[in-house]
Amino acid sequence: MLMLWTFAVLLGAVAGREVCFDKLGCFSDDAPWSGTLDRPLKALPWSPAQINTRFLLYTNENPDNYQLITSDASNIRNSNFRTNRKTRIIIHGFIDKGEENWLSDMCKNMFRVESVNCICVDWKGGSRTTYTQATQNVRVVGAEVALLVNVLQSDLGYSLNNVHLIGHSLGSHIAGEAGKRTFGAIGRITGLDPAEPYFQGTPEEVRLDPTDAQFVDAIHTDAGPIIPNLGFGMSQTVGHLDFFPNGGIEMPGCQKNILSQIVDIDGIWEGTRNFAACNHLRSYKFYTDSIVNPTGFAGFSCSSYSLFTANKCFPCGSGGCPQMGHYADRYPGKTSRLYQTFYLNTGDKSNFARWRYQVTVTLSGQKVTGHILVSLFGNGGNSKQYEVFKGSLQPGTSHVNEFDSDVDVGDLQKVKFIWYNNVINPTLPKVGASRITVERNDGRVFNFCSQETVREDVLLTLSPC
């Protein structure tokens, strides 16, 4: 293997070739594009005719059937494209296609909350080949996206501030290439698990980086090393804000057995995709869910996921927490620094949104060994029961824990407490919570009190105090 790698690098030292295309410019296979340790195999991108990039326009007026548009201004004017709306351009990755359901599903969620031009980029002619070749085709597709955006600006007077590129996997780096060609003037780029092989550790001109747009955010869901984890996504931070949900490596719900993964509820094809790259695909599923859950993906500033799970990163800072996904651009400090890193937990099924709470329970009653659980009730809904502590329950002691609720309970109105130990005790001990304090991630604190104690498995309701 080492000899093969060395041979490939030496082969890359040969004088490079170049290919040029009308309106797009010239592309070389010299370093840093090829012939390096990170990109040992030399290749030139395919022609636009061979890749056959297509732009599929969905709008609020045509949410189910796309209009095919080109970088011709008259063609765009005759479509449902509206210059008084934001434009979000979704770009798929390796082996994928622009007509895959997830892209149009993302558009449809957008139509639920905004009026928008939603363009799905189909470059399957260049993505369904060897990975090495696809990474080179990225450059041409990025140039074509940039050409479309430049026509919007020059011929339709459209502001690049209103352009948002959303790329998955290799699509993230296509967005980066388009951003470079528009000199960072595009309003926003979102990288959905940017592809790692041939990009991690490469110079900024090769990959997505924070200078490619006015604001760049990224979601990392498959950031384990390619060997041995088969992690397809980058662990390297690439934006102003980088989110690592669930630690960024293993996503909840992706550890099913082979049969259950392939015989998926969405069908054999989707199930097979999930089995092969479940973690990698989670990034666009999280983003799609975030569109209709504007407060359900709060990211917490933290130096590591282990500290986050140890409850060392709550609550949000004075500027609040950024929301991973669609509403990340609402964060006041979004461009104050580069490579800001945030952690959060998500659900494991279709509803991925979670709301984090910190609960402090001060015990009363008798000393026993057991588990204490609480459930939250508010004007937005009710949570399940979550365990706060297990061990020796002593009156006067306080126990703190954080949990992620699948319901945003809103402003809290009451809390219910319960304890159990599953041990037969003829004395029938009673335990209570004299005070329960609940803090939301926005720093809002709610206090509840009770003077009562209850036996095992009996609910105790605490009222505001």
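Just so it is clear, glycine is given a Cβ too, placed from its N, Cα and C backbone atoms.
Note that the structure is predicted; figures quoted are calculated from it, not measured.
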Disulphide bridge to Cys26 as given by Swiss-Prot, partner from Cys20, Cys107: Cys20
For the disulfide involving Cys313, grab the partner from Cys302, Cys316, Cys321 as Swiss-Prot records it. Cys302
Between Cys26 (disulfide bond) and Cys465 (disulfide bond), the C-alpha gap once rounded to whole angstrom: 70
Most crowded position, judged by CB atoms within 10 A, among Cys20, Cys302, Cys316, Cys321, Cys465 as disulfide-bonded residues: Cys321
Could you state the whole-number distance in Å separating the C-alpha atoms of Cys449 (disulfide bond) and Cys316 (disulfide bond)? 25
Structural state of Asp212 (Ca(2+) binding site), classified by DSSP into three states: helix
Comparing the Cα of Cys278 (disulfide bond) with the Cα atoms of the recorded positions Asp193, Glu204, Arg207, Cys465, the shortest distance belongs to Asp193
Among Asp193, Glu204, Asp209, Asp212, the one of these recorded positions whose Cβ has the fewest neighbouring Cβ atoms within 10 Å: Glu204
Least crowded of the recorded positions Cys26, Ser169, Cys254, counting other Cβ atoms within 10 Å of each Cβ, is Cys26
Helix, strand and coil totals (DSSP H, G, I; E, B; other) for the domain 'PLAT' (355-465): 0 helix, 70 strand, 41 coil
